[in-house]
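Student: Before we start, here is the structure in question, set down as structure tokens.
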Amino acid sequence: MHEKSLTELRAALTAKECSAVELAQLYLKRIDAANSLNAFIQVDPDLTLAQAKAADALLHTGHAGPLVGLPIAHKDVFVTKGWRSTAGSKMLSNYESPFDATVVARLQNAGMVCVGKTNMDEFAMGSSNENSYFGPVQNPWDVKAVPGGSSGGSAAAVAARLAPAATGTDTGGSIRQPASFSGITGIKPTYGRVSRYGMIAFASSLDQGGPMAQSAADCATLLNAMAGFDERDSTSLVRDDEDYTRYLGKPWKEESAAKPLAGLRIGLPKEYFGAGLADDVRASVDAALKQYEALGATLVDVSLPKTELSIPVYYVIAPAEASSNLSRFDGVRFGHRAAEYRDLLDMYKKSRAEGFGPEVKRRILVGAYVLSHGYYDAYYLQAQKIRRIIAQDFQEAFKQCDVIMGPVAPSVAWDLGAKGDDPVQMYLADIYTLSVSLAGLPGMSVPCGFGAGANAQRPVGLQIIGNYFNEARMLQVADAFQRATDWHRKAPAGV
């Protein structure tokens, strides 16, 4: 049962092959057995089974929605009533929220059953899930490798079939990169599609929640429940609700059923295929693009000339926003408080020094520096100007194509500990995802192969980038690929 997708599990529930309680018990046992992966920060069987019993009561009425009774894991950046909400940090290691994040509440209202809170890089700052106060997460495909970050716990949980789906957040690639490294599907929607209310903030102009699951079809179903306007989030977009599954299984153009993607133009940015891209990643992406051609799509060369500037721009803007957002954690209102201190100022210093990890401190320092007098204009304002140019580059590219494709990351997952001493090398791994986030565009990762040689068990993801509000079409394009291939069906050995 655990190998089934969300859609298949829903069919099993409808056919009464299992109950929501039995399904929850199955995944709780699997989570316990795979404890060494460290994918979860907190599991509470009593809370989970209470939700499952409520879901079964709904299922018995015969009028339950498409997600009722299905298990889901929540990234521990979403606050959840009744569970601890830690953001992977000592600072919040004992924090319990009095309310649910909008994303959590919407999925719970849709009848989904929470099986636990997943591990993550502290305050979502990281690309490897090694920055968590609760320890690193192992990649289920190769336990010597990182699962990606910051949503590494969610990615590992779905890959190891510890949950059929999970929530994630993406600030600069934190859904797409772990989805790629862990061989699952994940989508970052257009900025503002999914409410940030109750999502512990890292960089408010970049953070965006999204679903992670086995397939594009599963992600589309989840996005139906997650997306939508929320008056409690000032950046939430006022748009009509839409069905993100509406194009699944349909041809790109109605008259082209024989070639389902005939008429689709796929843009290939030359900047995504240059030096620095590993040969095995290039080979898997090229093979996926050939499959798209077989489905009828046309490949078009495009250019995103400011791609290389996305790293310095991101690492000015995101830390600047983080230094402001994280100033609230002072040991007074909430968060870790030092046991011994001389006065109020000393309490602030010691509480923050003890509560934050080294990567978070590094980014707070960078952010405070670029916002300081004399550097604000030189760094922060300059970065915001280039950010606008990056967004304009994408709009020029979309004049020639319908979607843009390329690798998610320059390499497959690296070994645990391999880049911990060199944060710049870690930052460079986000080269293909950062510009999408800076532009506020939707992007997703779809499994498309594996590395070579010693990396033969480490997955590769294909990145699909759409224009604003084009998620339904992106999911259609991803789903067509998954109907023609089985990469998304593959699971780690022993799972």
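First residue shown is number 1, and so on along the chain.
Cβ coordinates come from backbone N, Cα and C, glycine included.
Swiss-Prot lists Lys75, Ser150 with the feature active site, charge relay system. For Ser174, the entry in Swiss-Prot reads active site, acyl-ester intermediate.
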Student: Applying a 10 Å Cβ distance cut-off over all chains shown, what neighbour count does Ser150 (active site, charge relay system) have?
Tutor: 35
Student: Taking the Cα atoms as reference points, how far is Ser150 (active site, charge relay system) from Lys75 (active site, charge relay system) in Å?
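Tutor: On Cα coordinates alone, these residues lie 9 Å apart.
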Student: Kindly assign Ser150 (active site, charge relay system) to one of the three DSSP-derived states: helix, strand or coil.
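Tutor: SS state of Ser150 (active site, charge relay system) = coil.
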Student: What are the non-local neighbours of Ser174 (active site, acyl-ester intermediate), defined as same-chain residues 6+ apart in sequence with CB under 8 A from its CB?
Tutor: Asp121, Ala124, Ser127, Gly149, Ser150, Ser151, Gly168
Student: I want to verify one value. Collapsing DSSP to three states, which class is Lys75 (active site, charge relay system)?
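Tutor: Reduced to three states, the DSSP call for Lys75 (active site, charge relay system) is strand.
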Student: Is Ser174 (active site, acyl-ester intermediate) helix, strand or coil when read with DSSP?
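Tutor: Going by the DSSP assignment, Ser174 (active site, acyl-ester intermediate) belongs to neither helix nor strand, so it counts as coil.
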Student: Near Lys75 (active site, charge relay system), which residues of its chain come within a Cβ-Cβ distance under 8 Å, counting only those 6 or more away in sequence?
Tutor: Lys117, Thr118, Met120, Ser151, Gly153, Ser154, Ala166, Thr167, Gly168, Thr169
